[in-house]
Every structure is written in structure tokens, then in C-alpha cells.
Amino acid sequence: MGMSRRMFLTVYGSLWLLLLLSRPGVSKPQLCQTCQNLVTNVLKGIEKTAGLNFGGGNTAWEEEKLSKYEISETRLLEVIETACDKSDFDCNKMLEQNEEHMESWWFKKQKEQPDLFQWLCMDTLRLCCPKGRFGADCLSCPGGTEKPCSGNGQCNGDGTRFGTGVCDCYTSYGGPVCMDCALGYYEQARNESHLVCSECYRACSKCIGPGDDQCVLCKRGWLLHDGKCIDIDECGTEKDHCKSNQFCFNTDGSYECRECDKSCIGCMGGGPARCKKCNKGYYRDGVKCLDVDECDSELPKCKGSHEECVNTEGSFTCVCEKDYSRIDGMCRPDSYDSNAEKGLFDDITDDEVVVLQQMFFGVVICALATLAAKGDMVFTAIFIGAVAAMAGYWLSEKGDRALDSFMKGR
């Protein structure tokens, strides 16, 4: 391969790597895994196509043809066609961008570089390292290549050309090489190569054994006393940070802020008996804040025609009477046709009718009284008759209902 061709492949491979790394969702260590999967599938394809289409007959002829087929372009194409699933974007992209490398290995490098994974993924594309190594220079992971992180954690970037090499210790382990017990765990057994860590009592952050009296340090919210961790009552020491309409509820090692009862304005605990003050719509009955029944009042709360009051917790609501429904803000009979043409006085309520009646009679009587005062006997007689008629109307059953409706209001 000429110098210019090698340079082209190097630049082309670098551009491909940058393109793949820039794709959202692709992590650097994942590229090594993609390369490893590709190599695994290629090797499976090589195994599957070994001796393909040769099943007996002229042995000399078969040996000649087989030796040609073994490293033929036909066989390489058959292997490559099955190397990636159609839905595996990363694998197909890697294969597409590295066909030149695959051909170079297939035709020229196989015998001297039989390990395709090492040649392609480690040495050529520089995506992977041997197990127990990490980073651009394939440095040894903490704890050694044989047992990275002492077997109690995961070396960051292990087996790839990426990562920091820092040990991510498993639960219960800690330290730079995961050979210490984490906070909340104690050393149960240890030798030169193995460590067993077990959990402390739940209140201990550091301990020498599993018992509640073997604590060395306590978790937040607990106080160490004679080897035991005692719960701190944040509610009793006023260390809580609850809002004005919440109360403090102590828990093991902490506390909770819980909502006051809806009948309360400020409280010292749960329920209507722990209120500091009663909320609007409630009254204090002994020690409890109870709901005020606004509907049980001499003054009607619902002033609309055919409305009735329904008490609710801390308030009330106005609903239409039976066989009535609210239409256009008013309680109408269920048979009411909202599309029917309305008359001039259809929207006048009973209370408004009473007021109009009073105004009409008032004007008439005032006019008659003025004329009667001038000594006109005819108008005097009419005035007396009008007063008598008006009195008779108000004494009638209809007048009583109208007056009662007016006095009670809407």
C-alpha cells in the first residue's frame, strides 16, 4: 500500500470516528463494544462459510477451488453481508466506513495478524484496550489488570481507549481500589485479596459491628450516646422548617412537614382539635373547629328564584330546586325552552313585579290625593276607593305571597 493510500485511510478513519462520536446517544466506550460485536459477527460468518458449496467428489479439484474460495472476494462479501443487523445503525456505519480496512486484513493481514479484534479494534481504529486497561495508552486499572478495583468495583473505561480509570465501587465498598468498607458498613472479614463488608445498624454511619450499641458515628438526625444512636426530635427542639399552615411530625432520624386540617389557620398537630385558629367558615366548639352551616340561618343565603342552599365544608353553594336547572344563570323549569321567543316581561322576577306594583300604586294614590286635596268631591271619592282597593289587594292571598317574597328578599 502506497504512502498516499495509507494517509487517506488514516484521515478517512479519523473523520469517521469524529462523525460517529458526534451522533447523539453514542458514548465513547460504546464504540469499542460496537467494534467488538462487528468482529464477533465477522468471525461467525467466516466459520459459517468455511468449505461452503464443497461436499465431495474430485478431491484434487475441490482442494484447488477451496484454497481459492478461502480468501476470495466472493466469500468476503458473503461474510460482510451478515455482519450487522439491518436495524443496527452503529454497526452498519462502522462497517461501511471501514470496508478498506476489512479488505486489507482479509487479503493481506490475516496470516500475520490472525486476531481480527486486536488488529482492527485495538491497533488500527484504537477504540479498545485489553481487559483491565483503559485510556489512550491502555494503562493498567487500579488494583491491576487481573483483578481491577480488587473485584469490588468497575474500572471506568475498562477495556476501551476512553475513561478515567477511576474505580466505581459496588455497594458496601469504598476507597481508591475498593478495598475499604463504605460508610454504613463494617469489615466482617479480610485477607490480602478479599474483603467482606456487612451493613451497620440503620442509625450508624460508621460502626464496629451489626448491633445498635456498636456505632462509632451516627447518621444525620441521630445523636451518639454510649455507643448508641438516639433519634433527635427536631419537632421538640424547633429545628424544623415547616410552613405556617403545616405541623412538624418527628420520624426516625428526621421529620416531616404535614398539612394542617382544612379547618385550621395554623396548628400544633393533625385534626380539627389541634388548630391555633379556626379558618373562615368554621367556628370553635370547645377544642374543635367545626363547620358553620351557612344554610341554617335566618337570612337566606340563596336569593335567586327557585334556588336552595346546600352546606359544604367551610362554605355553601346554591343549587336549583328539584325539576329546575340553571340556564343563563337562572333556575328554569326543566321544560323551559331557551330557544323560544321571549316576551317583554319574561325575565322579570317575582320580587321585581312586587316593586313595580308598589311604584304604580304609589304614583296613582299620590295623584288622586293631590286632586282630592283641592276639594273635588269626585276625586275624593276615587281616592278613597283606590286606597280601599289597594288594602284589599294586599290582604289577598296573592298579595300575602308577594309581600312575603319581598320581605325575604331574593
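Backbone N, Cα and C define each Cβ position, glycine as well.
Taken from Swiss-Prot as is:
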type     : residues      : note
DISULFID : Cys32-Cys35   : disulfide bond
DISULFID : Cys141-Cys155 : disulfide bond
DISULFID : Cys149-Cys167 : disulfide bond
DISULFID : Cys169-Cys178 : disulfide bond
DISULFID : Cys264-Cys267 : disulfide bond
DISULFID : Cys295-Cys309 : disulfide bond
DISULFID : Cys302-Cys318 : disulfide bond
DISULFID : Cys320-Cys331 : disulfide bond
DOMAIN   : 139-179       : domain 'EGF-like 1'
REPEAT   : 194-243       : repeat 'FU 1'
SIGNAL   : 1-29          : signal peptide
TRANSMEM : 353-373       : transmembrane segment
TRANSMEM : 375-395       : transmembrane segment
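Recorded features from Swiss-Prot, shown on the structure.
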residue	record	contacts (Cβ under 8 Å, 6+ apart)
Cys32	disulfide bond	Cys121, Leu127, Cys128, Gly159, Thr160, Arg161, Phe162
Cys35	disulfide bond	Met94, Phe117, Leu120, Cys121, Leu125, Leu127, Cys128
Cys149	disulfide bond	Cys141, Pro142, Gly143, Cys155, Cys167, Asp168, Cys169, Val177, Cys178
Cys264	disulfide bond	Asn245, Pro272, Arg274, Cys275, Lys276, Lys277, Cys278, Asn279, Cys289
Cys267	disulfide bond	Asn245, Phe247, Cys260, Asp261, Arg274, Cys275, Lys276
Cys295	disulfide bond	Lys301, Cys309, Val310, Asn311, Phe316
Cys318	disulfide bond	Lys301, Cys302, Gly304, Glu307, Glu308, Cys309, Val310
Cys320	disulfide bond	His306, Glu307, Glu308, Arg326, Cys331
**Item:** Structural state of Cys155 (disulfide bond), classified by DSSP into three states
**Value:** strand
**Request:** Could you work out which of the disulfide-bonded residues (Cys141, Cys155, Cys178, Cys331) has its C-beta surrounded by the smallest number of other C-beta atoms within 10 A?
**Result:** Cys331
**Request:** Specify the secondary structure state of Cys295 (disulfide bond) as given by DSSP, simplified to three classes.
**Result:** coil
**Request:** For Cys267 (disulfide bond), name the DSSP secondary structure in the helix/strand/coil scheme.
**Result:** strand
**the repeat 'FU 1' (194-243), counted residue by residue under DSSP: helix, strand, coil** = 0 helix, 21 strand, 29 coil
**Message:** Just to verify: the residue among Cys167, Cys302, Cys309 with the fewest other Cβ atoms within 10 Å, which of the disulfide-bonded residues is it?
**Reply:** Cys309
**Prompt:** So how many other Cβ atoms are close to Cys169 (disulfide bond), meaning within 10 Å of its Cβ?
**Reply:** 20
**Item:** Across the domain 'EGF-like 1' (139-179), average pLDDT on the 0 to 100 scale
**Value:** 96
**Asked** How would DSSP class Cys178 (disulfide bond) in three states?
**Response** coil
**Request:** Would you identify the secondary structure of Cys32 (disulfide bond) according to DSSP, in three states?
**Result:** helix
**Complete:** Simplified to three states, DSSP reports Cys318 (disulfide bond) as strand
